[in-house]
C-alpha cells in the first residue's frame with residue numbers, strides 16, 4: 001500500500017469544498033490506490049460547520065481516507081503538505097471596491113504563502129481557487145520563495161470545461177469529443193476562450209472546431225461572452241456561486257497534475273509566465289494551454305495566434321498587470 005499523501009483544502013466548510021472533498025477522499029484525484037490524509041482549514045467561526053463535514057466524511061466509510069484533521073491554525077494545516085488546494089478567500093461584498101477586495105485577499109494569500117514556505121514540503125503542488133485566483137496565486141508564490149514558482153497554479157479549468165461543453169452542445173456530441181480548447185489570461189470576464197486550435201470528433205472524423213460548428217459569428221461572439229459570463233449567470237440563477245462544477249474542475253486540474261495529460265491533448269491552467277513565446281508579460285499568473293508529464297507542466301508552444309486572438313490575449317494581460325501592481329503595492333504594507 002502506498003504511503004498516504006497530505007492534502008490541504010482551505011475554505012473547507014464552504015460549498016465548493018462540500019462538493020470537492022468526497023471526490024478527493026474516494027480516489028478520483030490522486031489515484032484509486034493512493035491513501036490520503038485530509039487537512040481541512042477554515043476560519044474559527046466555521047469550525048462547528050466543519051465538524052459536520054468531518055462527520056459526513058467519516059460516515060462515507062472510504063477505504064483511502066486515513067485521517068481527517070479539521071483546524072483553524074495554519075501551522076497545523078500546512079505541515080508537510082504534498083498538495084494544497086486554496087479555495088477559501090474573501091468574497092466580494094456589495095459596495096466593495098475592487099482594490100479593497102484585492103487588499104483583503106493579499107493579506108490572506110501572503111499569510112498562506114508564508115505558511116507554505118514555513119511548514120509544507122518544497123515539492124508541494126499548490127492550486128489557488130479563491131478569487132481573484134490569478135493574482136492570489138501570484139501573491140502566495142511570491143510569499144513562498146523557496147518553493148518553485150512552477151509548483152503554483154490557479155484554476156481556469158472551470159472556464160475550459162465550460163468552453164468545451166458549449167462547443168459539444170452546439171455540435172450535439174459528448175464533451176469528450178471536444179479537445180484542445182484554450183483559456184488565455186485571467187479567470188475573470190476578460191478571459192479569452194479560444195477554439196482556433198480546438199478539434200471536434202464528429203461522426204468518427206476529427207474536424208477543426210470552426211468546420212464542425214459552421215457558425216463563425218457564434219464562435220467569435222456569443223460563445224465567448226457565454227463562457228466569460230457563465231459564473232455570473234450561475235449566481236443569478238442559483239443565488240449562489242458555482243460549486244459542483246468548480247469542484248469537478250478542481251478534481252480535473254489536480255488529477256492531470258498528478259497523472260499527466262494524454263499525448264496530443266492540452267488543458268488550460270493559470271501558471272507563472274516567464275519567457276513564453278506568446279508575448280505574455282513575465283511575472284504574471286496567466287492561463288495558458290499546457291501539457292503535463294511527471295507532475296510538471298509545459299506551455300504548448302508554436303500555436304498560431306491571429307490578430308483577433310492577439311487583441312483578446314493582450315486585453316486580459318493588461319488587466320492582470322493592473323491587478324498585480326495593485327496587489328504587490330499592498331504586499332509592502
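Each Cβ is built from the backbone N, Cα and C atoms, and glycine gets one as well.
Since the structure is predicted, the reported quantities are computational estimates derived from the model, not experimental observations.
As recorded in TrEMBL:
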- 187: active site, proton acceptor (ACT_SITE)
- 42, 105, 129, 130, 131: NAD(+) binding site (BINDING)
- 92, 98, 131, 162: substrate binding site (BINDING)
- 6-152: domain 'Lactate/malate dehydrogenase N-terminal' (DOMAIN)
- 156-330: domain 'Lactate/malate dehydrogenase C-terminal' (DOMAIN)
Here are the recorded positions: 92, 98, 162, 187. Which has the lowest count of other Cβ atoms within 10 Å? 98
Any same-chain residues 6+ apart from residue 130 (NAD(+) binding site) with CB under 8 Å of its CB? Would you list them in sequence order, or say none? 10, 11, 86, 87, 88, 89, 90, 105, 108, 109, 136
Other than its own, how many Cβ atoms are within 10 Å of the Cβ belonging to residue 131 (NAD(+) binding site)? 20
Spatial separation of residue 187 (active site, proton acceptor) from residue 162 (substrate binding site) - C-alpha basis, Å: 12
Recorded substrate binding residues, 92, 98, 131, 162 - maximal Cα separation rounded to whole Å: 25
Recorded positions 42, 129, 187 vs residue 98 (substrate binding site), shortest C-alpha separation belongs to 187
How far is it from residue 92 (substrate binding site) to residue 131 (NAD(+) binding site), counting Cα to Cα, in Å? 9
From the DSSP assignment alone, can you count helix, strand and coil residues within the domain 'Lactate/malate dehydrogenase N-terminal' (6-152)? 66 helix, 27 strand, 54 coil
Alpha-carbon distance [residue 42 (NAD(+) binding site); residue 187 (active site, proton acceptor)] in Å: 23
The record names 42, 105, 129, 130, 131 as the residues that bind NAD(+); what is their largest Cα to Cα distance in Å? 16
For residue 105 (NAD(+) binding site), the number of other Cβ atoms found within 10 Å of its own Cβ: 23
Arithmetic mean of per-residue pLDDT over the domain 'Lactate/malate dehydrogenase N-terminal' (6-152): 96
